[in-house]
Each structure stands twice: as structure tokens, then as C-alpha cells.
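Taken verbatim from Swiss-Prot:
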type	residues	note
BINDING	Leu43, Arg44, Gly85, Lys88, Thr89, Thr90, Glu151, Asp152, Phe153, Arg194, Tyr204, Arg241	ATP binding site
BINDING	Thr89	Mg(2+) binding site
BINDING	Arg333, Arg338	DNA binding site
REGION	1-33	region 'Disordered'
REGION	4-204	region 'Large ATPase domain (RuvB-L)'
REGION	205-275	region 'Small ATPAse domain (RuvB-S)'
REGION	278-360	region 'Head domain (RuvB-H)'
Amino acid sequence: MERTEFEIPGGIPPRRHGGTGRDPDTSVDANIQPDDVEAEVTLRPRSLDEFIGQPKVRDQLSLVLTGAKKRGVVPDHVLLSGPPGLGKTTMAMIIAQELGTSLRMTSGPALERAGDLAAMLSNLMEGDVLFIDEIHRIARPAEEMLYMAMEDFRIDVIVGKGPGATSIPLEIPPFTLVGATTRSGMLTGPLRDRFGFTAQMEFYDVADLTRVVKRTARILEVGIDADAAVEIASRSRGTPRIANRLLRRVRDFAEVHADGHITLGAANAALIVFDVDELGLDRLDRAVLDALVRGHGGGPVGVNTLAVAVGEEPATVEEVCEPYLVRAGMIARTGRGRVATAAAWRHLGLEPPEGTIGDY
């Protein structure tokens, strides 16, 4: 794609490697602004028809919800899997909206004891949607209580301690559980089997991400050229959350250094300022590649070693960086550890050694 030059007052800041302190549930790190969380809520689609991308999941989910409404019953429990930022939380909100019911939200780490889950379940109304994010991190006592709740719509509450403890059955109204996970392999078999519908959220292609960028620009009332929307989409790592975040940062740049309208030149210049390269890799991604290639000769290297090298938590490297780097053909996961491909070497401006994966 042709690059348009755009002068940046004060010059372009140098790229730096190192830790970013990113949370595994966020993607383009250091450029998160205080109003971003509120903005993401505002930008969420409110129906399956508004939801862009994931056509297979949308069609399947539409059948599940429509069939349940026609029968007058609550839909089967839903499990949504996939990397962060692909719309799992949004899809849970849409399910509640499509059913015309309330959405109750919590997360796996918040359910440390069975009592935490019992309190939430006892407050549900008939037909409510209960959304548990990071459901793979739910504590075992709460998970075991969830089995009965999902299957029989009742729980057993233990009153007292020791030999005098008694179990009191508590009926709960029929509800639909929507679980979201970035690590479906960490779910136990009994929990996974209780979901009637499971869906894998896939990375977006550039065409769908361009539609996301244009829709967001309309909502934010920002003018944007078509080629600028494509450029932002192509650097968004296949992830709508990143596309929206990059658009807001490009908007900031255009308002400060131009007339507020986003051109291709403004988009390119802004993305350089915010350290996002042509493939959508940011500082942490390049730090991982640099540690793997320059620090360990291309690998194989374990994820814990890589995390120490870049100053991040292993979960951040594994859940945020790796999915896209593997998809982009930069890293191969082997039984002995992570290995840099020829594409990773060349992306860093280095010639890959003979025999490197992907060097044809």
C-alpha cells in the first residue's frame, strides 16, 4: 500500500523495547486513555444484525435464540472462546438484549467461594443471562456448585459446620449462563460438557475490520478517508477492540496536528507515534521477537523465559502476544518451546540462519 508522508512536529519518537505492564485483556498497551472503557461500551453493537464479523457464530446463535423464544424456554448455556477483544462480552450483552432480559456480569476470579456464586444465583430472575468472564479461572468449589445450577436450576446451600452441617436445597429460576474464556483448554470436562452451545470467536479479516473502523468513526462523528480506514484496520491484529482504540488515537493525532479529518497520511504518522508498525506489532510484540531472535538465537525458548526477558507476566505473553504472532507466522510453538520463524528474523531486519522454520 502506498505510504503518504505526514510531518510530525518534534520528530518521531524512537521505538523502545521493554515491559509495558499490559493486562492480558487489553491489547494495544500504553496508549489506553481514561475514557477508553466508557467509549468501548458506547461503541458496542446492540443486536446480532449490528454485530460486524463472526458470521458463522452470529447465524448459529440466532438459531439458538430464535428457537428458544419460539418454544418459550430459556436458551441453552453458551460458551464463547477466543483471544481478547473479539467481542465475547459484547455478544453476551447482545444475547440478553435479543431475549429482552437482564444481564448479570461477573468474572471467574471474583468467584472464589461457593458462597460468592450462591449469592449471585439467588438474585437471578427467570430468564436472566448470567455472564461469567474468564470462566476458566473460577474456583473449584464455585465450579462444582455451578454444575447443579446449570443442569437442574438448583443449588445446595450448606448451613453450619462439622457434623451438624445440613444441606438446604435452593431452587433458582431458569437462566442462561454465558461463559467467556481465552483459554478453553483450561476448562474442566464436566464444565465444558454442560454448555449446550459453544462458539470459537475468530480473528477478523481486514474487510470486516474496515467496516468496524468506519462504523466507529460515524459514531464518534469523525471524518475518515476510505484508505485511512483500511490502513488502521490492517494494523489492528484482526481485533475490533484494537481497531477502535487505534482509531481513537489517530483521531487525537488528527485533531492536534491537522484539521481533525483522518487522511491516510495522518493515520500513518499517528501509528508511527504510537509505535504500531505495518503488521500491527507494537513494542511488546517486537520485544518478544527480539528476545527470541537476538537473545536466544531463534529458540526454542519457554514462555516463562520469554516473559522474564521482556519484563511481563507469562500470561500476558501467552494470551496477548502469542496468538497473533503465531497467526502472523512469526512464532512457531513446538514441544520444546517457542521458535522464531524466518519471517520474524526478517521483520527485525536480520537474515535467518539456514534451516529456520519458514525459510524456503
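Keep in mind that glycine also has a Cβ here, set from the backbone N, Cα and C atoms.
In this view, the densest Cβ surroundings among the binding-site residues Arg333, Arg338 belong to Arg338, judged by other Cβ atoms lying within 10 Å.
Rounded to the nearest whole angstrom, the C-alpha distance between Thr89 (ATP binding site) and Arg333 (DNA binding site) is 28. Burial estimate for the binding-site residues (Leu43, Thr89, Glu151, Phe153): highest at Thr89, by number of other CB atoms within 10 Å. Around Tyr204 (ATP binding site), a 10 Å sphere centred on its CB holds 25 further CB atoms from the protein chains shown. Across the region 'Large ATPase domain (RuvB-L)' (4-204), mean pLDDT in this model comes to 80.
Per DSSP, the region 'Small ATPAse domain (RuvB-S)' (205-275) is made up of 52 helix, 2 strand, 17 coil. According to its DSSP assignment, Gly85 (ATP binding site) is coil. In this structure, Glu151 (ATP binding site) is part of a helix by DSSP.
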